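Asker: Can you keep this structure in mind? I'll have questions shortly.
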Amino acid sequence: MSFNFSRYSGAYTTTFSFLLLALLIVSAVLLSRPYAPALLHAEEAYCVSMSCVTAAASVLSLMDATADPCSDFYQYACGGWVRANPIPDTKSMWGTFVKLEQQNQLVIKNVLEQPMSEFKSEAERKAKLYYMSCLDVNDTIETLGPKPMLDLLVKIGGWNITGNFSIKNWSLQKSLETLQNRYNMGGLFTWAVGEDDRDSKKHIIQIDQGGLTLPTRDNYLNETMDDKVLSAYLEYMTKIGVLLGGEEKNVRTQMKAVIEFETELAKIMSPQEDRRDEEKLYNNMELDKVQGRPPFINWHAFFSNAMENITRKISKKEKVVVYAPEYLEKLNDIIRNYTNTTDGKIILNNYLVWQTVRSMTSYLSKAFRDAYKGLRKALVGSEGGEKPWRYCVTDTNNVIGFAIGAMFVREAFHGNSKPAAENMINQIRTAFKSNLKNLKWMDAETRRAAEKKADAISDMIGFPDYILNPEELDKKYKDLEIKEDEYFENNLRVNKYNLKSNLEKLDQPVNKTRWGMTPPTVNAYYTPTKNQIVFPAGILQAPFYDIGHPKSMNYGAMGVVMGHELTHAFDDQGREYDQNGNLHKWWNNQTIEAFKKRTQCVVDQYSNYTVDNKHVNGKQTLGENIADNGGLKAAYHAYLEWEQRNPRELPLPGLNFSHKQLFFLSFAQVWCSASTDEAIKLQLEKDPHAPPKFRVIGPLSNLQEFSTEFRCPLGSKMNPVHKCEVW
């Protein structure tokens, strides 16, 4: 018997009775509506456990029973949520994912605020110190003001904006080596060590386009639409320059020139929608061959300088992958024009140093952080301003997330979630494979290879085991020094630690158990070079997964997430990688053409969706849309298979929905959300995902079983005559 049983049993009864009454009232309203489902369970028992009652109440509270499910299922499933959940002033987007993230943040906050003696490892104590440095418990950040940045500017050679710069001895080569290879900052291009697409057991240096401050190239090129953003960007740059000692008029003039330079970069970048063919992007060449094409720097000297971090030599014959050779060639022409004059060189240095300054201002005093509010408002429609502890929890998770993960898992992750999730994944994999036999557009040989690839997909669930071993966890962060009163310096050290850790992978075989997300993350991912799907502990919670919920709800929410990630192995990019994660052609030509024809249907379908008269980019979102559609179908068929093998679950009280209908409602309600106009615009320009509404109505309108369950007439919006089907 629990010590506090009598106290809580009374609360349980009261809450239960209240929810049951609420259900009866709301269900009466629901059944009075013209589009309510037929009475399905008139004379049978209902599930009246606490989990079932709360689940039913949640489903009802999110719905808009006045909407027609056959016209707009998103409104039907989520209209109540949207009505009851205005976007908080500090947010640009508000929805199920964000709410769950905030719950996870609270768990982490409570753990981080424990005394040092409660932590299990040195890594966890470092996380606590970092969190305290972010919160600035001793007012060190405010006392120091701009000093940490001014000290850094001296170390990296000065900045003309603040007047402590001489062009006399400046060189682009030296500046890039200092900023990128010592401080891990950005500018002009990006590079990193990653898995080799064509030989996924090995690591290789990868070079790509990059170097913009604003989120998309469109922000620079669509001047009419983005004039507000560009004006806010210039204002932000000017404020930062003045805070660092520059004279306002002079700072504004010089920063305008930096924006013009960034605009030149934006013009030569390929849009994301044109970078979806991995075969075409991959260009493996020796380092000296890179030198022959865009010689604005000495590439061998640059990477030799980088390798000094790990005392490794690099040959001119070292193989690297260049994903944007045309960009580098065009960049060479731009650099040549700017380095021909003294003013041009000053602009180049101003740009490069700005890339460092803007990435570090959030670690300075409040005046610097406030300077960003105007630009944030222009970009996403909100100035931000969340509580410091929330910001610092997120920041600490980004920096030392596997130590945070150990605390989170001990506090909030239930052990039985892992085997249950594993079982669900296997059922969805089986359903996906079974469906391959029905695909008449796929030849037999490619189908057999696809089945082998599906079987070979590995999964990681919850968290990596090593994080609960203090000695192993400490090894990961042993080279990272964290001090309580050095927030700015902590982040300089984090940058160097991350750079060194990345470089050290170069001569190591690929570790297929390395996680790319921290355990508290509310998300999931697929890695094509590992042929692997990963589901962190953070998402294996209600409303995505709850052991007390009916299987229909768990398959509809978490099951579709699992099916989505699995289907990424066969989207327009994932399909180019074989079962071992290697990029090569393993499909029959005729099957490739049939696949492209079917994916064009998806491109056209989503390109016809609009938000505020702006079209969804069907090409840019193709991979995610394929995964959404395939994931829904695989999860639904897996649920049907589960339903056939198991005793029938009791219906939820007050709903009069079948469990098949509950599956679709649970799927849709995961995406209940609202965004500012600015955030939607940015999403349409940048995000590979379609807006939430279309992630619901797109896949459902393509799945005949949905229309059958909700009795949608052929030709209605949710049951179009012409449907798209890939997997």
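Quick reminder: no glycine exception, Cβ is built from N, Cα and C everywhere.
OK, Swiss-Prot features for this one:
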type: TOPO_DOM; residues: 1-44; note: topological domain 'Cytoplasmic'
type: TRANSMEM; residues: 45-65; note: transmembrane segment
type: DOMAIN; residues: 46-727; note: domain 'Peptidase M13'
type: DISULFID; residues: C47-C52; note: disulfide bond
type: TOPO_DOM; residues: 66-727; note: topological domain 'Extracellular'
type: DISULFID; residues: C70-C712; note: disulfide bond
type: DISULFID; residues: C78-C672; note: disulfide bond
type: DISULFID; residues: C134-C392; note: disulfide bond
type: CARBOHYD; residues: N138; note: N-linked glycosylation site
type: CARBOHYD; residues: N160; note: N-linked glycosylation site
type: CARBOHYD; residues: N164; note: N-linked glycosylation site
type: CARBOHYD; residues: N169; note: N-linked glycosylation site
type: CARBOHYD; residues: N222; note: N-linked glycosylation site
type: CARBOHYD; residues: N309; note: N-linked glycosylation site
type: CARBOHYD; residues: N337; note: N-linked glycosylation site
type: CARBOHYD; residues: N340; note: N-linked glycosylation site
type: CARBOHYD; residues: N511; note: N-linked glycosylation site
type: BINDING; residues: H564, H568, E624; note: Zn(2+) binding site
type: ACT_SITE; residues: E565; note: active site
type: CARBOHYD; residues: N589; note: N-linked glycosylation site
type: DISULFID; residues: C601-C724; note: disulfide bond
type: CARBOHYD; residues: N608; note: N-linked glycosylation site
type: ACT_SITE; residues: D628; note: active site, proton donor
type: CARBOHYD; residues: N656; note: N-linked glycosylation site
Asker: If you run the three-state DSSP split on the residue listed as 'active site', which class comes out?
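Answerer: Helix, per DSSP.
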Asker: Take every residue in the domain 'Peptidase M13' (46-727), average their pLDDT values, and give the whole-number result.
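Answerer: The average pLDDT of the model in the domain 'Peptidase M13' (46-727) works out to 96.
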Asker: Sorted by position, what residues of the same chain at least six away from H564 (Zn(2+) binding site) have a C-beta under 8 A from it?
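Answerer: Same-chain residues close to H564 (Zn(2+) binding site) (Cβ under 8 Å, separated by 6 or more) are A524, A627, D628, G630, G631, L632.
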Asker: With N222 (N-linked glycosylation site) as the reference Cα, tell me which of the recorded positions E565, H568, E624 is the closest one.
Answerer: E624
Asker: What is the number of other Cβ atoms found within 10 Å of the Cβ of N309 (N-linked glycosylation site)?
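Answerer: Around the Cβ of N309 (N-linked glycosylation site), 17 other Cβ atoms lie within 10 Å.
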Asker: Pick the one among the glycosylation sites N160, N337 whose Cβ has the fewest other Cβ atoms within 10 Å in this structure.
Answerer: N337
Asker: Would you say which of the glycosylation sites N222, N340, N511, N589 has the most Cβ atoms within 10 Å of its own Cβ?
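Answerer: Per the Cβ count within 10 Å, the most buried is N222.
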Asker: Provide, as an integer number of angstrom, the distance between the C-alpha atoms of C134 (disulfide bond) and H568 (Zn(2+) binding site).
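Answerer: That separation, Cα to Cα, works out to 37 Å.
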Asker: Report the same-chain neighbours of N608 (N-linked glycosylation site): residues 6+ apart in sequence with Cβ closer than 8 Å to its Cβ, ordered by sequence.
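Answerer: Within the chain, N608 (N-linked glycosylation site) has Cβ neighbours under 8 Å at H615, G618.
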Asker: Roughly how many Å separate the Cα of N340 (N-linked glycosylation site) from that of E565 (active site), to the nearest whole number?
Answerer: 50
Asker: For the recorded Zn(2+) site, enumerate neighbouring residues of the same chain (Cβ within 8 Å of the Cβ centroid of H564, H568, E624, site residues themselves excluded), in sequence order.
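Answerer: These residues sit around the Zn(2+) site: Y526, E565, T567, D571, G623, I626, A627, D628, G630, G631.
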Asker: Helix, strand or coil: which one is C712 (disulfide bond) in, per DSSP?
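Answerer: In three-state terms, C712 (disulfide bond) counts as coil.
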Asker: Rank the glycosylation sites N138, N164, N169, N656 by the number of other Cβ atoms within 10 Å of each Cβ, and give the residue at the low end.
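Answerer: Each of the glycosylation sites N138, N164, N169, N656 was scored; lowest Cβ tally within 10 Å is N169.
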Asker: Note down the number of other Cβ atoms within 10 Å of the Cβ of the residue listed as 'active site', including every protein chain shown.
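Answerer: There are 25 of them.
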